[in-house]
Structures are given as structure tokens and as C-alpha cells.
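These notes are about the structure you will find just below.
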Amino acid sequence: MNFSADINHKNRIRHLAASISLLLAASFLSELPIEARQVQDWPEGPSISAEAAIVMDANTKTILYSKNMDEKLYPASTTKIMTCLLAVENAKLDEQIVFSHDAVFSVPNDGSSIGMDEGESISLEQALFGIMVGSANEVANALAEHISGSVSKYVDRMNERAKELGCQNTHFVNTNGLHDPEHYTSAHDLALIATEYFSNDLLCKVGNTPTYHFTPTASQPDDFYLHNKHKLINGEIKYDGIVGGKTGYTAQANETLVTCAERDGMKLICVVLKDDSPEQFNDTVTLFNYGFNNFRAEKVAESDQRYMPDDSLFFESDNDVFGKSGTILNLNPNDYIVLPVNASIDDTEYEISYDITPEEKSKTSNALAKVIYKYNGTTIGNAHVCYFEQNGTPSQLANAYHSIFINVKILIMCAGVFVVLMTLVASVATRIAANRTFHSRSDRIRYNRRKREFNKGHIRYKKIYIIVAVIVIAIICFGLFIFFNSKSQKNTHTKNTDEIKPETPVIEESADNMDVWKENHLKVKGIYVTGPTAGTDKLDDIISLINETELNTIVLDVKDDNGNITFKMDNENVIEMNSGIAYIKDISALLKKLKENDIYVIARIACFKDPILAKAHPELALTSSDNTPITDANGNAWVNPCKEEVWDYIISLVDSCCALGFDEVQLDYVRFPVGQKADDALYDLVSDDDDARRNYITEFLAKVTEEGHKHNIPVSADVFGTIINSNKDSKHVGQDYVNLVSNLDIICPMIYPSHYADGEFKLDVPDAHPYDTVNKALEKSNEILKPISNNNHAVIRPWLQAFTATWVKGHIKYEGKEIRAQIQAVYDAGYDEWILWNSNSNYNIDALTKS
């Protein structure tokens, strides 16, 4: 690779240090080997009916799926996304928009409108809701006139803004998307516009509003409601994580739809153009399922070891304090890439670019360059190389960031050698001059005259020599300061090695094994880890997190929500269905590694949501009265919880996990599905009374628990947190809290504040009250279990929320403080075990106490 920087002369001094650092780092990185190995192809995309479509990650602009994405097509009312974006960027929300005659009467009477009259006025904020929720054409025109003086001038600004966002196949003629042959865009361009739109919190709120209420004012006398026609927003189609969207239709454009959804660290934009109704919604769900099920977000600074220059004498990144000073460069810790779920960052290629766009500079002002990542030739994101100002000890920073450190020892040695050499050269030159012999008096006169002229004409060089000497001495002093300061801080922050995690109890074989286990079992403080995460180097970071904190347990996906077995399992059912995916290359080695770190390992098995089993054995699939499969909101099929063959399959997986050496087996999705389709499902229930479903689930869990006990392994089950305080939920899902605590070793209620309805526990938005929600749910548990002896009911180990529920209105961001509040609520309710759930296996160390 060639690394160069075109530095303007007048900025040369100011950027000299940065340029040298970047060149040295780059020259080292160019020598790092790239592992050349076979990588799997990009996940195969689904078939859809839309003429054109795209799924793009909003943060990295990685295109996950495309169909005719650059074809010029009519956008219809999805145009209004740009209309509203430009308005928010150029006006204040409280500005009053007065409706002119042209704004009201220049649009067709049969088009989308909210019935505004000439002379009436509303605020700009109300106008945004009128445009995005009511798709009001006259409001779009009035807004344009207010901001730019005329619709045509506003449209010119829309086209300019589109070019700034990188659109290449877009030309707007109006603000509302009414048909015009010269008004067009492409799926790709519309995704770029939507990405900018959904980066604004206010616009996300506007774009995700199912119903908006206009109340009478002096300037607008009507009282009316607007209802959003976007089915993923108004609830007709339930889909978790929706951020917002916009519908569109004209006879020429057909159905158009733009939608944004966010899950597991990925914020996806989906655009479908020229589709049929209602396929625009079905295609969008299909494409979102494809994106979220087949890809994952991965932070580069946490996972890419190739940029850790561990083998260099000059650049260091371990914790040997003698060799470190402040960070010079590092990869931006907030940058991430999007990878197929079965790939790791080692499967990527990379290249260095110095082309930092103004947009990137505005977000990462200290960026010097960027590393562009590609997977099989497809760009999947980049990480910026940045200056980093030291805020802690070098050892702390090395743990937190993949950074480049200058070895102070080498720096001082180099400077010292330079000073010695300069001194020797000066000494030798002086001796030579002193011992010079002249053949005549005229030679001596000429020599002395030239010497005086040289000293007079080149005095500036003496100044340079002095400056260089001062700089060298300053470097030596600075290096010594960093060294002794770091050494002092190292001694202060040395970890107390006397603290040891509790050992996992060994269960002796006897008739009372499980009773002994219950009295002496490890008090679990755990985190959930996906198969793809466990199969990469990120597992080492998780192990380090556990060793450094109160954590002692990993709940590892064995059978995930898609029916995949996360490693090659020696199980005839798995082999027959080919459901084993080698996310984890060697499960025995992985378990051994975890045990060596005193980590308790729980095997998670998703039970009755299993699209692989449903496809391989349609007779076991759960179907409705019209023989169509029952699926969840994401399109994943369920199997029939009443079928004995399904039970046998799960029990065979439990046997395999016990044989492999897992410490515990945990069952998830041990319930009947819920939703409108599920109400019509054919279950083959023995009876149709309220207890029928509960009896099936209770009996199933009793059988699995019995199987686990044959191997001296405890069995736990995940249940809805709402069944603690709701008989209605219990009846539908088949999970009865009292019955289950009598038939399980451990019960794990999912007490996620985001999963409780507004008003539950008398909390306006439970998600905004993490402590109160968890504490009140567990106090209710105490009330229910009070009549039962502790020796006769399961250990209570709740799941806690370690993610931000962006789809909940009024939600709050869940960071260290919010997660810790839930943990404290567990303790205050009298319980001492908990597990954190983050579907992307990203956990905030600030929520945890140090070990």
C-alpha cells in the first residue's frame, strides 16, 4: 500500500506530528497478513413482487439487498420525506404557516388532504404531522411557500439537498409526489434520503405516529384525527423495532413504501417501489426479516485484532507500563460494520483511504483516515483512524481501545543516540579544525576570511541547531515524565488477585443430588451470548468482562430462534434436518476454555418456534384452519407444542447438551404462540378449557426436567414476566407461574420493562422506570409464592433488559445506570440471581461491579 498525505505548505508544521504518526502506523499495517480462506457467499435474498427495492443499513450505508435499485421510478407521496427533512433543517417548529390560495387549490380535490382552507394557519410542527401522518398535499405546498417563498424555489432546494446526500437518479418537480413525468427517484436514492430523515429524533417521532389529533385553535377551527395508513406503524401488521415510514400511491407509481426499523444495533432502511397492494407491506416485512436474520452489526474497535501492532518494537498495545505513553492513533470505538451472521471480521478485506468527507468530519472531527472493510468485494462499513486524547492510564486505554502507543523507552533511546552522535560530530569537527595546517600565510588569511563569512552568513543554521537540541531534550523529558507517571498509576490500579470467583459446585451422584444442588448452587449473574458471537474472537472480550466483574455465567445459544443448532452436533435429528450451523467451530474446546475461566455455562434451547423443524416435517408445523403455517411477526414458523415428536426432539437436544458438559439447560419459547393468527391455530388439544394449554406446557417441562436430572443437570425455563400478574396471559401462552415453579429447578421470568403495557404497576411508561418495574414484578412474585415453602419451588432468576427499546413510545436509553437499577431491584426484592439480555451480546461494563 502507498501511504501519503498532500499537506499544504503553510500547514506543514501544524500537521507534521500527525503525518509522521499516520505514516509509521500505516507502514506497519501494510505488513500485516490477510488470512486468505474460503468465505461463504452473501446470504441469498428473498423473492418479492416490487419492481425495485433496497435494504440498507442506515449507519454504514451497507446495502444488504437490492433489486433494480438505481432504476428511475415515480416515488409518489414518499417524496414528502424530503419535504419534511428540508423543512426541519431550515425552519423552527413554532413558526406559523399560513395557507395561501395557491397552496390549497393547486392540488386535486380527490388527492390526499386534511381539508385546510385559505387563510387558516398551523404551526410547522403540526404541518409535519399533517404531511407524514395525513399525507396532506396542500400542507406540503404551504410549508414550501412559507420557507422559500414559492413551491418552485423550495423544489430547487430539494434537488440540491438530494445531490448533497449522494442521490444520482433523482429529480423533484413538486413537494408532494403528485405525478409528473419529470418527477422521479430510485430506491437507492430514496434510501439515502430516508437515512438522513431517520437520523433526526423529531422526524422519527413524526414518522412513527399512528394517529394525530388536530385540536381547534383561533386560526384553525376544526377538531379532527389523522390516521396513518402505514400498516407497520398503525399496528395492523405487528413488527418489533419500527422507527417510522411513509406510504405513497399514484396510478403511475403504483404502491411505494419507505420504512425504517432498528434491532440489535442495526438500523435498516427498506424501500419498495412500484409494488401491488398489499404486497408493499408484505415485501417490507420479508426484506426486514432477511436483513435482521442474516446480518449483524459488529464494532470494529472491539473485534478487529489485525490492527493491534503487537509485534512492533516501536508500537505497543499491551499493558507493560514501561513501554507505553499516550495514544497517538486509534480506531473510532463507535464505528461498526455489518457482517453476515455466519461470517467473522477475519473474513473481510480492507483498504486505507484518506478521503474524509465533510459529513464524516462533522461526526468524527479528529479523523485522519479510514479503514474501508469489504466482504467478498462488497463494502460493509468503515472505521476511522483518529487522534485520541489520553483520559486514563495507558493500560486502561489499551483495554478499552485498539490503539497505537509509542514506546517511551525506544523514544528516549533514539533521542539519546541522536544527541550523542551530534556531540561526537561536533567534537571531531572541532579537533580537525584546530589541527589544520597551512602551507603559507596567505592560506591562513583566506581560511579565516571564509570562516568569518560563513559564520556571518549562516548564523541562522546555528539557531536551527539550538532549536533541534531543545526539541530533543524536551522529548527526553516528556518521555521520562510519562514513564514515571504511568509507573505510579500502574501500581495504583493493580488488580487484587486475592479475589477469586466462587467455584461451580460439583453434584455428586445420589438420589438427593438435585436437593444438594439447590442448597449449594452457584448464584448466577449471567449474560446471554449468541452462537455467532461465541464463534469469534469477541468471546475473548466477553471472558475478560466476566473475569473483571461480578459476572460468572454465560447463557449460550445452542438452538436459536431460527431453529439453527449453533455447532455441529452429533444428534441424529440435527443431522437429518441439516440444522447444524458451525458458528462455533469446536464446541468441546469452547466449553473447556470457559470452564478454565470458572465460567458456568448454560445451554439455551428455543423450543416451539422452529422454522427448520416446521419445514422439514410439515406434519409437526402449527397451522391454521385454512392449513397455512402459523408464524410470528417476523415470519418464523412455529411447531405444534402438543406433538409428542416435537417433545422428543427437544429432549434429544437436552441429552446431547448434557453429554457435552454444559452445566445447565435452559428452555425458551416454551409456550403457545400469541397473536391474531395463533388464535385460529389447530393445536389438537385434548380439551378446550382454560387449563388445557397450561397442562401441556407444565407436563412438557416436567419431562424435560426429569431428563436433565438423569444427568445430574438442572433445568431452567424462560417465561413471560407478565404471567406473574396476569391470568389472561397465562391462559393464552400456557405458562402458569405457580405450576411451573413446582416442576422446574429454575424459572426465569423475562421482566423487561419494555414488555409491560403503559399503566402496568401504575407506571405511565414502565420502560422509563426500570427499578420500579422490576421491583414491583418481583414483589408480586413474592406474594404469589408466599404460601409455598422455599424448598418446594424453583429458584427465581429473572431476565433483565440490557437493550434500548426504541419501538416503545416514551422509552429511555438503557445504559449502565438503567441496567444497574434493575439489578438493585432484584436484590431489594429478596432475590440474588439475574441474567442480562442483549440480542447482540453487547454489554455495558458500567452496569457491573468489579470483581
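Please read every residue number as a count from 1 along the shown chain.
Keep in mind that glycine also has a Cβ here, set from the backbone N, Cα and C atoms.
Predicted, not measured: the structure shown is a model, and the values here were computed from it.
Database features, via TrEMBL:
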- S77: active site, acyl-ester intermediate (ACT_SITE)
- K80: active site, proton acceptor (ACT_SITE)
- S135: active site (ACT_SITE)
- K246: substrate binding site (BINDING)
- 44-276: domain 'Peptidase S11 D-alanyl-D-alanine carboxypeptidase A N-terminal' (DOMAIN)
- 526-843: domain 'DUF4015' (DOMAIN)
- 410-434: transmembrane segment (TRANSMEM)
- 464-484: transmembrane segment (TRANSMEM)
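Shown here: features listed in TrEMBL, placed on the structure.
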residue	record	DSSP (3 states)
S77	active site, acyl-ester intermediate	helix
S135	active site	coil
K246	substrate binding site	strand
Q. Cα distance, S135 (active site) to the residue listed as 'active site, acyl-ester intermediate', nearest Å?
A. 7
Q.
Give me the CA-CA distance between the residue listed as 'active site, proton acceptor' and K246 (substrate binding site), in Å, as a whole number.
A. 8
Q. The residue listed as 'substrate binding site' has how many other Cβ neighbours within 10 Å of its own Cβ?
A. 31
Q) For S135 (active site), which residues of its chain lie six or more apart in sequence with Cβ-Cβ distance below 8 Å? A) S77, K80, S112, K229, K246, T247, G248
**Q.** All-chain count of other Cβ atoms within 10 Å of the residue listed as 'active site, acyl-ester intermediate'
**A.** 27
Q. Can you count the other CB atoms that lie within 10 A of the CB of K80 (active site, proton acceptor)?
A. 29
